[in-house]
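Q: Quick one: the structure is below, and I'll ask about it shortly.
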Ligand SMILES: NC(=O)C1=CN([C@@H]2O[C@H](COP(=O)(O)OP(=O)(O)OC[C@H]3O[C@@H](n4cnc5c(N)ncnc54)[C@H](OP(=O)(O)O)[C@@H]3O)[C@@H](O)[C@H]2O)[C@@H](O)CC1
Ligand SMILES: Nc1ncnc2c1ncn2[C@@H]1O[C@H](COP(=O)(O)OP(=O)(O)O)[C@@H](O)[C@H]1O
């Protein structure tokens, strides 16, 4: 079993059509039934461990919720393995006449039973209702069976543990959309690779802990992944490490064109986020300089972008306002030949101020950081159910990197390379945390991290910081900034005494 936490090469998510093509290629090279057997073995292994952790396999009661396709077949074959290990396994077929025949025969031969209702006592539920073949919301009969199974009495705890085969039923595999009822899982055992629905949107919340079983699909996944899941190792690899001989300018100077007389806090928060990053120096340009200097005396502050001096990246928009002065600030930032983060009011100004076209001709990289409302303003429509596609389309159209904020923040570049951060937490849904994110992102750009990587790393660390801050109590944006300083990768400077 390859846990999502440790397995780097299986951190890419593939769409259904690509998974099915890979499966067809691999299936032609191995005896019939091999892939299902591998999938079922991985599923049974994981269920066995979970039962081991909650009172042991002997006497444990497992209920299989069995749909009409191969997903149900996987559940039945896994159930057969568990039955052979002394587990009492019952299978509830949702449409008995259309149940996977070989799976059913294997279960019966191993001593498993077919039941026509959810038993009173269930310790573990295997959700084999529907996987890759999912279309639309979970059907009412399936939803009712799943609800009854979740309400059964376990020997330990308050409800049975739920393990999804490949995907939680009710989740759209390609998008993570949950258009109706779904079966929330504690653990999802994904076969062969991740699917986008396990790592983005509402689907990610339904999937619980996701683990991938290697069934040999890897070499056959010839199309590029739909998206990649960022890891701690990615962020550590991308994080700049200053050489022994460096100075503040070589580490990079970040410019902050943020805040206004009305919203000085946004400038302070963007400076706090930038201070946690790898840049060597911060320059602030705008009307909130007194507030910025009071909180961050290390910042060099001026009143306007033109007076700020040289920087290697700009952050523009947080609390900037949308008046004529703000528009002039954005225009100055866009005219600078360095990468830029455009957030909040800068995004509104791009549309209302007719500046969106300037993005496409800009040579230096730009990262746009919209939440859903800002996305709607930029794209003319909501992101909708497919957040990956939404981010990719906006990135292609604007020729910018797009960081689409949310529970699982999605980052796409104009060429279509797409990542998701798995670290999101509702604790971040608090005013001003976006300003902290923009500042950190700007510092990474100033330190010459390429825009896509900078955006992925910033989103990842921002989520980690939100979680760390939440562990200590209620979370405000300054708490996220403070936690950020603790979760960023250490620079790995050798100890001069020992080395
Ligand atoms: N590809 C691979 O690499 C490997 C795949 N493997 C396994 O195969 C699985 C895919 O199997 P699959 O293709 O038979 O489809 P599957 O998900 O069982 O759905 C079947 C039927 O469910 C129904 N249904 C649809 N939507 C529904 C809804 N909302 N609510 C309720 N019911 C709904 C619909 O039937 P209908 O009633 O419309 O005729 C549909 O045809 C995959 O997830 C993995 O487990 C592994 O064993 C080996 C490697
Ligand atoms: N429900 C949620 N779960 C996880 N993260 C969230 C949620 N809501 C918002 N966030 C995160 O919180 C941050 C809020 O940013 P933003 O909306 O720009 O706030 P502000 O403008 O107040 O600074 C984003 O990074 C976003 O991804």
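Even glycines carry a Cβ here, placed using N, Cα and C.
Any TrEMBL annotation is an automated prediction that lacks curation.
Below are the features I grabbed from TrEMBL:
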type	residues	note
BINDING	70-74, 131-137, 166, 266, 319, 371, 435	(6S)-NADPHX binding site
BINDING	71, 127, 169	K(+) binding site
BINDING	405, 406, 407, 408, 409, 434	AMP binding site
DOMAIN	14-223	domain 'YjeF N-terminal'
DOMAIN	231-491	domain 'YjeF C-terminal'
Q: Give the sequence-ordered list of residues that share a chain with residue 405 (AMP binding site), lie 6 or more positions from it, and have CB atoms under 8 Å from its CB.
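A: Residue 405 (AMP binding site) has long-range Cβ partners 369, 370, 371, 372, 434, 437.
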Q: Which binding-site residues of 70, 127, 132, 166, 169 contact ligand 2 in the sense of C-beta under 6 Å?
A: none
Q: Let me spell it out: for each of the binding-site residues (70, 166, 407), count the other Cβ atoms within 10 Å of that residue's Cβ, using every protein chain shown. Which one has the most?
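A: Counting Cβ neighbours within 10 Å, the top one is 166.
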Q: Under 6 Å from ligand 1 by C-beta, which of these binding-site residues make it: 70, 127, 405, 407, 408, 434? Sequence order, please.
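A: Near ligand 1, sequence order: 70.
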Q: Around the AMP site formed by 405, 406, 407, 408, 409, 434, list the extra residues of the same chain whose Cβ is within 8 Å of the site's Cβ centroid.
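A: Along the chain, the qualifying residues are 371, 404, 410, 421, 424, 428, 459.
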Q: Just to be sure I understand the packing, how many Cβ atoms besides its own are within 10 Å of the Cβ of residue 406 (AMP binding site)?
A: 20
Q: Please give the average pLDDT for the domain 'YjeF N-terminal' (14-223) in this predicted model.
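A: Reported value for the domain 'YjeF N-terminal' (14-223) is a mean pLDDT of 97.
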Q: Nearest to residue 135 ((6S)-NADPHX binding site) by Cα distance: which of the binding-site residues 71, 127, 407, 408 is it?
A: 71
Q: Residue 169 (K(+) binding site) has how many other Cβ neighbours within 10 Å of its own Cβ?
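A: Here the count is 28.
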Q: What's the CA to CA span in angstrom from residue 169 (K(+) binding site) over to residue 407 (AMP binding site)?
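A: About 20 Å separate the Cα atoms of these two residues.
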Q: If the AMP binders are 405, 406, 407, 408, 409, 434 per the record, what's the largest distance between their Cα atoms, in Å?
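A: Largest Cα to Cα distance for the AMP-binding set is 14 Å.
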Q: If you count, for each of the binding-site residues 71, 409, the other Cβ atoms lying within 10 Å of its Cβ, which residue has the minimum?
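A: Relative to the other binding-site residues in 71, 409, 71 has the fewest Cβ atoms within 10 Å.
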Q: How many whole Å apart are the CA atoms of residue 407 (AMP binding site) and residue 73 ((6S)-NADPHX binding site)?
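A: Cα to Cα, residue 407 (AMP binding site) and residue 73 ((6S)-NADPHX binding site) are separated by 33 Å.
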Q: What whole-number Å value do you get for the CA-CA distance of residue 132 ((6S)-NADPHX binding site) and residue 408 (AMP binding site)?
A: 21
Q: Listing them in sequence order, which of the binding-site residues 406, 408, 409 have their Cα within 10 Å of that of residue 71 (K(+) binding site)?
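A: Checking each Cα against residue 71 (K(+) binding site), there are no hits.
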Q: Which one, from the binding-site residues 371, 408, has the smallest tally of other C-beta atoms lying within 10 Å of its C-beta?
A: 371
